[in-house]
Structures are given as C-alpha cells and as structure tokens.
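Peer 1: Below is the structure I would like to discuss, written out as structure tokens.
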Amino acid sequence: MASITLDKITKVYPNDVTAVNGVSLDIRDGEFMILLGPSGCGKSTTLRMIAGLEAISSGDMLIGGRRVNDVDPADRDIAIVFQNYALYPHMTVAKNLAFGLKLRHVPASEIETRINRVAALLGIEPLLGRKPSQLSGGQRQRVALGRALVREPQAFLLDEPLSNLDATLRSSMRTELIKLHHTLGTTIVHVTHDQVEAMTMGERICIMKDGDIVQVGEPMEVYRNPANTFVASFLATPPMNLLPGRIESVGAGALVVAMDGVALPVPTAFQAAYASHSGKPVIVGLRPEDFHLAAGDAARTAPIDLVTITTEVLGPEVILVANLASGAGPEIHARMPRDFRAKIGQPLTLHFDLAEIQLFDPETTRVLPRPAHP
Amino acid sequence: MNQSKTMEAADRRFGWFMSAPSLALLLAVILFPVFWALFTSVHDYTLIAPNFDTFTGAENYISAIQDPAFRHSLGLTAFFVAAVVLFEFLLGFIVALMLNSVERFKPIYYGILLCPLLMNPVIVGLIWRMFLHPSLGIVNYLLTVVGFEPVNWLGSTQMAIWTIIMVDIWHQVSFMIVLLLAGLSAMPKEPYEAARVDGARVYQSFFYITLPLMMPVIIVTLLIRMIFAVKTYDLIYIMTRGGPGVATDLVSYSIYRTAFVSLNVGEASAMSAILLGFILLLTVYLYRYMRSLT
C-alpha cells in the first residue's frame, strides 16, 4: 500500500495541447479517491501518468514517497483496470491472471494459490479455463479486476471500469468494489465521469475540468459546498438550479437575494458573509431537493411562485420542471414527493430552504464563501 | 408450396443460365489444360510424335521420380522455397514492426516498398541481370570501388542460387511487409498497455503478445508465399536458364526444359502433376487453416 502524490503535474502533448495543467493532489495511503470530470478534462491522462503509460511533461509524481517520473510502469508496482478490460485475447482467464506474476518470477505454487484466492473472491472459478472471447462483459470485467487483484500491488488504478456494463451490473459492481476496498484496504484511484459512482464509492472526490482540479473533498462536502458553478451543475441529477439574481440591502443590515419577481431573505447567519456583495449581481444556486410543498419555519423558508412546465414521474419521486412566475430565467427543477402532480401551466407556490442557498460570483463563477449551515 | 418449388427450380435454372458463359470460359482455360496434362502424363506423348497412341500408365511418373535431374530440381526448389520464405519473413517482419511504429510519411514508405512488387518478374530479372553483370554491372563496380573482389554472381555454381534468392527477396519481401503490417496495425493496443503495467519489457510483449496474436496472419502469409515460391519460373528463365549447369534448375524451369527442349511432353506432364500435388497439399492446408480461424 502506498500514498500517491502529484506535485504540479503537467501533461502537454506533442501537438501543444495541454491535457493536464499543473495538478497537485495528495492521495492518502489506503484511500479510495475518485477522479471525476466530463470527457476531455484530463482525468484519464492523470491516471495514465500515475500508471506510467503517459510521460509526465513537468512536475513530480511520487508513489509511496518515491519519485517515479522516470520509473517504468513495470517497476511502479501498481495495477490498472482498463475501461475495455484489455484482457490478453489469446490466453485463458487463468493465464491472464498469472501473466503479471510469471513476469515477476513468482513461484508457480504461489501463483496458483493467489489465482484460486482471487477467483474465489470474485466468483470466477468456473471461468478459469475459458478465453476472454467466451466471456460476457460483466465476466470480463471481473477477470480484469482479478488480474489487478492477484498482483497485490501498492495501488489500484481504475479507468472507468464500470462504464461498459449495463445499469444493474454497474450498480452491483459498485457495491463489490466498495466491499473489496474495505477488505483489502489498498489505495484506489478510480476515474469516472459518472457522478453517482463518484458520490457512492469515493472517500474523496477530485473534480477536474479542462486539465485543472476544481475541487477536492469528501462527497457530501463537495455536494453541499460546491466550489463553483461547474461543480454545482456537475454533481447530481437534476443538478443545482443556477439562476441570475442580485443581493440587495433592505435596511438595518438585512439582505435579500432578488430574482425576477422573487426576493429570498438571506438568513442572519449568512448576512455578514454576503454583506460586501450587496448591490452586486450573483448566481443563485438552489438544490432541487430544497424546494418543499409546505412552508416551514418562517426564518428558514421563503415562498417562490412558479408556473409548471412539466412533471417527470420517476416512481420514488417526481421532478417538477417549472419557471419563475414572471416567466423569466432558466427552467427550475425541484424534487417533489412521489404523489405530487401538477398540470402544465398550473401556478404553484413552493417553499425554499434558505439555509441551503449558495451564491456564486457571475464573473469568476466561484462560490461566495459563507459559514456552514446554521 | 408447389408453386414456390417450381419458382425455386426456375430461379436455379436462371442462375445456371446466367453463369454458363463464365463457367464455360473457366472450364476452357483452367480445367481443360489440367485434364489434358493429366491425360498426357499417362501417354508416351512427345513433340516429335504428338499422339496418344501409346498408353504408358505410370511409366512417365516412375521415370520422372527416378530421374536424378528432376530429383535435384525438387530438392533445389525445396531449398529455394525455404530460403526465400524464411529470409523474406524475417526481413519483412522486422521492417513491418519498424513501419508499424512510424507516425509520419507512412504512405511514402508504403509507396517505395510497393514498387518492386508492382514490377513484372521478367523486368526484375532483366534489371538485376544488368546490375549483376560480372564486368559491366554496377554491383561489381561498386564492390571494386570499396576494395572488394568482383563477384561472379550468376556464373558461379556456388553463387548463382543465392543470387536468385537475393533477387527474389528484393522482389517479394514487400508482399510480406504489406501483409504483416496489415496484421500488426489491426492488433489491439490495450493488451500492450496492460502488459506494460503487468511488468512486461518490450521483448516480453513481443514474444507473449505480438507473436501469438499475429500467428494466424504469419501462417497465412507464409503459406501463400510458399505456394508462389514453389512456382518460380520467370526469374530463372531470364537470369540463368537453370544454369550454370543445373545450379539454379528449379522445378518449374526443369519441367519447361523437359517439355520444350527434350520435347518429352508426356514426362513433363507427369512432373507437372507431381508439382501440382505438392501445391494442392499446401493449398488444402492453407484453406483448412483459414477455415479453422473463423
């Protein structure tokens, strides 16, 4: 097991495209770290640089405290699971698992013990004699995982390993990976563009965009305190509603967030933090689950008048798509209980939980710092 | 039911009708000569007495097999085929591996490599006969310029077969390169990355991944090349006429001599049948192997 440290890692491709731009990240020993971002954000390149499959243009890469910039992938003692599994097509499952051990001159008896142990762990014993072409996608996925496990490396690198599986299998593999990490305690770096994987699996999430790290933190911390509008709109479906607004003073130090036809009073706990932005435009971030049908404590909730555009009945919940009553601004998504129904064009009043409001600077898109939840 | 049966029969008749011209042509230019040769091979048919009056049974076959010159030709051809296929494969594979990792100017390399392959063997033979002329050829001139003794490329019984082998390699190696390169570029990239992380060095990746994955392409390429090499005739005719002596008397040329110099068409036909047998064997194996792949 080992920690992995990225110190101002940059990757510039020969065609002058900068894929990763001076990224610094500390992955702790035994941590389950998620690299999350849209395609092209540099997360896979970062993972491949950790593996040694991609040369590092500048910066330092440390695995277990050892600088590995110029160390061959073979000597980094890490294992990688590829998105398309990359099994050796001409070898049986058993030989696929044994290959890395054989190259490292592990004694045959030891190889057999380890293969049997991993095969039992993943439930692939009946497949050991088969070739990859005779396996289903889920089985190949397990073999690819087994090939990594059997090596007992210092760290596992997973490059979107679940993205080729169907939804049910993906969900069960998620649970299995979490269980595996719990059993083995080995450092895992998992690259994904799927925010559900990120939220459910990671001990910490590192969100990347355009070759930069945007935010690193525990899933709920990132979810509740997004660093900017990108993170706010990337995590969760439907994402945080982002609406144009303005902070206005209403005398005696009281502030409101004014949107078209709506004024949300700023909770007292946040007023000091937002005071300096008084009179300036902001982007108002409202999570869909913070809209409620009933008014709560008057100090905590504020009514918002909406006009229904449509409802999406998902089963466990209903997503209400609506406009502000004034008709201005982008669509608002709100999570409603499963029995909620509304006709198209029907006016509604929902109550927003003010303690959950997030405000962003429209120019920098960065969040305006405020105290944690009151 | 009944109607569909008659319609099917009508379809089939129409099919035969449409393919009849090409079938007739194939019959005339391929099957007829083959059967004619097989028929001739069991008769005493010479160009002095071109008739099928004397049925000789297996006599032509026995005398062909007992003929030391023919046996020499068979042995020499086996050696020639083994040498050209082996060297062309090794050289072709090395060049293909190098070209496979080339990023720029690939079409230009392709173009240059394909030039020899596009040339008629007769032209290749003529060019090289000029290049290798003992006193006027550019090869010997260059050798003397850098201080070597001139070589009697085609006149020495020791050297001549190797000269033919070298010219054949020059002519045909591109075939190997193109086929092997096609195989290499169709190889999946991912297993190599997996192998690198698994701890494989470059040579280990080659032996554990490239070779086994390339095996079908390699075997097919070798077999096709062998089938063609067995039939080598034009180069010999242009460059050495089987000489000096019988030093380059490959089996195709030997058959030609038996038929049109010794005028013994019957025995030459028997020799052709024996050669055809060998080639058929290779072809059947190739066909079976290719079927086993799918």
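Note: Cβ is positioned from N, Cα and C throughout, glycine not excepted.
On a predicted model such as this, the values are computed, not experimentally measured, just so you know.
Here's the feature list from TrEMBL:
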type	residues	note
DOMAIN	B:74-286	domain 'ABC transmembrane type-1'
TRANSMEM	B:20-39	transmembrane segment
TRANSMEM	B:76-99	transmembrane segment
TRANSMEM	B:108-128	transmembrane segment
TRANSMEM	B:161-186	transmembrane segment
TRANSMEM	B:206-228	transmembrane segment
TRANSMEM	B:268-287	transmembrane segment
Peer 1: Would you mind listing the long-range same-chain contacts of the transmembrane segment (B:268-287), meaning Cβ under 8 Å and 6+ residues beyond its ends?
Peer 2: 34, 37-38, 40-42, 45, 60-61, 63-65, 70, 220, 223-224, 226-227, 230-231, 251-252, 254-256, 258-259, 262
Peer 1: Given a Cβ distance threshold of under 8 angstroms, which distant residues of the chain, six or more beyond its ends, lie next to the transmembrane segment (B:161-186)?
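Peer 2: For the transmembrane segment (B:161-186), the sequence-distant neighbours (Cβ-Cβ under 8 Å, at least 6 residues beyond its ends) are 76, 79-80, 83-84, 87-89, 91-93, 95-97, 99-100, 110, 113-117, 119, 121, 124-125, 128, 132, 153-154, 210, 214, 217-218, 220-221, 224-225, 228-229, 232, 235-236, 239-240, 247-248.
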Peer 1: Is the transmembrane segment (B:76-99) packed against any residues at least 6 beyond its ends, judged by a Cβ distance under 8 Å, and which are they?
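Peer 2: Residues packing against the transmembrane segment (B:76-99) from afar: 106, 109, 113, 161, 164-165, 168-169, 172-177, 180-181, 183-184, 218, 221-222, 225-226, 229-230, 232, 246, 248-252.
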